[in-house]
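Accompanying notes for the structure given below.
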């Protein structure tokens with residue numbers, strides 16, 4: 001049995017060995033953690049990717065990029081060299097196409113997009129598309145406003161992801177830019193894109209690498225354009241027309257109400273056009289049908305205002321012609337205004353709340369017109385069915401029998 005003195009000499013050595021073992025184990029665990037994390041996480045919480053394995057030059061030689069997750073597992077990488085901005089979008093991929101669009105106002109219409117896919121034969125394809133409208137025929141291949149450099153765009157897959165790489169050449173540095181992201185699970189047919197399965201829009205700041213939702217002043221201006229148009233041409237002007245047609249028995253109240261309401265509606269319509277012109281100057285979104293019909297309705301509205309000041313007297317010979325002109329031009333203006341509201345909502349990609357709200361408004365107006373029209377018809381039928389009252393002719397117009405007159 002060891003003596004107490006010998007234990008006092010041994011126990012410091014045992015403590016040193018235990019501490020050394022603990023420190024070594026701690027270092028090994030730390031090294032293992034560092035090794036595991038370095039293969040998964042890169043700057044900006046993006047995956048570390050070796051472009052040399054699948055992208056062609058010059059994209060494979062890019063060493064330092066700013067990377068940000070933008071949507072689900074979509075990642076946007078970019079770097080700037082002089083006037084050249086290199087952009088690489090990565091996204092999960094099995095089949096179909098993936099696209100990134102650049103918009104002025106966060107909307108599809110008027111934007112340009114780079115779309116990549118792997119066709120059925122395994123060949124990589126990447127094309128620029130100009131999104132003139134929302135219909136498939138308005139998505140035009142090999143057209144667009146992106147200032148692509150002379151370096152060809154590239155698309156490749158790496159595992160279960162697709163990478164779309166391209167370069168933009170611009171002397172104006174990128175700042176906050178509305179970005180559209182979309183994908184489909186169907187291959188393009190003859191470079192005609194199938195409808196997207198899902199999409200989103202974000203504001204990406206290329207100067208700082210930050211992003212946020214599309215909520216700038218242009219979006220609010222577009223909403224104001226739609227709201228003012230629906231109130232003016234979709235509500236106020238139809239109400240004024242209803243008063244003029246079905247409440248003429250309340251003379252002269254109907255005339256004053258009709259005049260005041262139509263002047264207010266015209267002011268709203270004019271404001272709609274001015275907001276639309278301002279929006280067009282800032283975005284240059286080309287929607288010819290919506291724009292053309294808007295000007296046409298404005299001209300019809302101006303003619304109606306002029307007709308009010310140039311109306312002939314009730315006893316005038318051309319009063320009937322004026323009545324036909326005023327009523328039918330008004331009907332034309334209301335019809336094309338309603339059509340243009342629908343076109344505008346379609347071009348802007350309006351949500352269900354806009355569609356349901358306007359549909360509800362139109363339904364109420366149509367039901368009111370049908371009910372009032374039926375009541376007016378019944379009233380006229382009732383008047384026709386009443387027996388005619390016997391009226392004596394005036395003495396000066398009465399013709400007496402000849403024999404009595406002679407007598």
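Count begins at 1; order follows the chain as displayed.
Heads up, the Cβ atoms here are built off N, Cα and C, so glycines get one too.
Annotation comment: TrEMBL describes 72-186 as domain 'DOMON'.
Annotated domain 'Cytochrome b561' per TrEMBL: 187-381, in sequence order.
Residues or ranges marked as signal peptide by TrEMBL: 1-32.
Outside the transmembrane segment (226-247), and at least 6 residues removed from its termini, the chain residues within Cβ reach (under 8 Å) are 253-254, 257-258, 261-262, 264-269, 271-272, 275, 297, 330-331, 333-334, 337-338, 340-341, 344-345, 348, 350, 354, 358, 361-362, 365, 368-369, 372-373, 375-376. The transmembrane segment annotation in TrEMBL covers 226-247 (among others).
Annotation comment: TrEMBL describes 254-280 (among others) as transmembrane segment.
Under the heading transmembrane segment, TrEMBL lists 292-310 (among others).
Residues 225-226, 229-230, 233-234, 237-238, 241, 269, 287, 289-290, 293-294, 296-297, 300-301, 303-304, 307, 311-312, 316, 358, 362 of the same chain lie 6 or more positions beyond the ends of the transmembrane segment (322-344) yet place their CB under 8 Å from a CB of it. Residues or ranges marked as transmembrane segment in TrEMBL: 322-344 (among others).
Here the transmembrane segment (356-378) has Cβ contacts under 8 Å with residues 230, 234-235, 238-239, 242, 245-246, 338, 341-342, 345 of the same chain, all six or more residues outside its ends. The transmembrane segment annotation in TrEMBL covers 356-378 (among others).
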DSSP helix/strand/coil residue counts for the domain 'DOMON' (72-186): 3 helix, 66 strand, 46 coil
Predicted model, mean pLDDT over the domain 'DOMON' (72-186): 88
